[in-house]
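Peer 1: Take this structure, written in C-alpha coordinates, and hold onto it; I'll ask about it next.
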(Lines of atoms letter the chains of each structure in order from A and count residues from 1; the text may use other names and numbers.)
(Lines give C-alpha, C1' and ligand atoms only; values in the text may rest on other atoms or scores of the structure.)
Protein backbone atom coordinates (compact mmCIF):
# COMPACT_ATOMS: atom_id res chain seq x y z
CA UNK A 1 0.00 0.00 0.00
CA UNK A 2 2.82 2.42 0.84
CA UNK A 3 4.53 1.59 -2.46
CA UNK A 4 1.28 2.27 -4.33
CA UNK A 5 1.00 5.65 -2.62
CA UNK A 6 4.58 6.53 -3.59
CA UNK A 7 3.93 5.55 -7.20
CA UNK A 8 0.73 7.59 -7.28
CA UNK A 9 2.49 10.56 -5.66
CA UNK A 10 5.23 10.81 -8.28
CA UNK A 11 3.39 12.97 -10.82
CA UNK A 12 2.41 16.56 -11.31
CA UNK A 13 -0.37 18.58 -12.65
CA UNK A 14 -6.31 18.47 -10.17
CA UNK A 15 -4.45 16.21 -12.81
CA UNK A 16 -1.59 15.47 -10.43
CA UNK A 17 -1.43 13.68 -7.08
CA UNK A 18 0.10 16.64 -5.23
CA UNK A 19 -2.67 18.91 -6.43
CA UNK A 20 -5.19 16.24 -5.47
CA UNK A 21 -3.76 16.05 -1.92
CA UNK A 22 -3.80 19.86 -1.59
CA UNK A 23 -7.51 19.82 -2.45
CA UNK A 24 -8.14 17.24 0.30
CA UNK A 25 -8.43 14.26 -2.03
CA UNK A 26 -6.77 10.89 -2.47
CA UNK A 27 -5.73 9.04 -5.63
CA UNK A 28 -7.68 5.82 -6.26
CA UNK A 29 -7.21 3.33 -9.10
CA UNK A 30 -10.88 2.36 -9.19
CA UNK A 31 -14.01 4.50 -9.06
CA UNK A 32 -14.55 6.59 -5.95
CA UNK A 33 -16.08 4.52 -3.12
CA UNK A 34 -19.24 5.29 -1.15
CA UNK A 35 -19.64 8.92 -0.06
CA UNK A 36 -16.57 10.08 -1.99
CA UNK A 37 -16.84 12.09 -5.21
CA UNK A 38 -14.36 12.49 -8.05
CA UNK A 39 -12.80 15.96 -8.13
CA UNK A 40 -10.16 15.30 -10.78
CA UNK A 41 -7.59 12.79 -11.97
CA UNK A 42 -4.09 11.91 -10.78
CA UNK A 43 -2.48 10.36 -13.87
CA UNK A 44 -5.13 10.72 -16.54
CA UNK A 45 -8.41 8.82 -16.78
CA UNK A 46 -7.60 5.56 -14.95
CA UNK A 47 -6.60 7.12 -11.60
CA UNK A 48 -9.24 9.28 -9.94
CA UNK A 49 -8.80 12.01 -7.36
CA UNK A 50 -11.60 11.44 -4.84
CA UNK A 51 -12.76 13.50 -1.85
CA UNK A 52 -15.48 13.10 0.77
CA UNK A 53 -18.18 15.77 0.69
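Backbone N, Cα and C define each Cβ position, glycine as well.
So Swiss-Prot lists these for the protein:
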DISULFID  20-49  disulfide bond
DISULFID  27-42  disulfide bond
DISULFID  32-50  disulfide bond
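Help me see these features in their spatial surroundings.
Peer 2: The Cβ of residue 49 (disulfide bond) lies under 8 Å from the Cβ of 14, 17, 19, 20, 23, 25, 26, 27, 28, 38, 39, 40, 41, 42, each on the same chain and at least six residues away in sequence.
The secondary structure of residue 27 (disulfide bond), as reduced to three states from DSSP, is extended strand.
Using a 10 Å Cβ-Cβ cutoff, residue 32 (disulfide bond) registers 17 neighbours.
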Peer 1: Within 10 Å of the Cβ of residue 27 (disulfide bond), how many other Cβ atoms can be counted across all chains shown?
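Peer 2: Within a 10 Å radius of the Cβ of residue 27 (disulfide bond) lie 22 other Cβ atoms.
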Peer 1: Which residues of the same chain, at least 6 positions away in sequence, have a Cβ lying under 8 Å from the Cβ of residue 50 (disulfide bond)?
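Peer 2: In sequence order, 25, 26, 27, 28, 32, 33, 36, 37, 38, 39 meet the Cβ cut-off.
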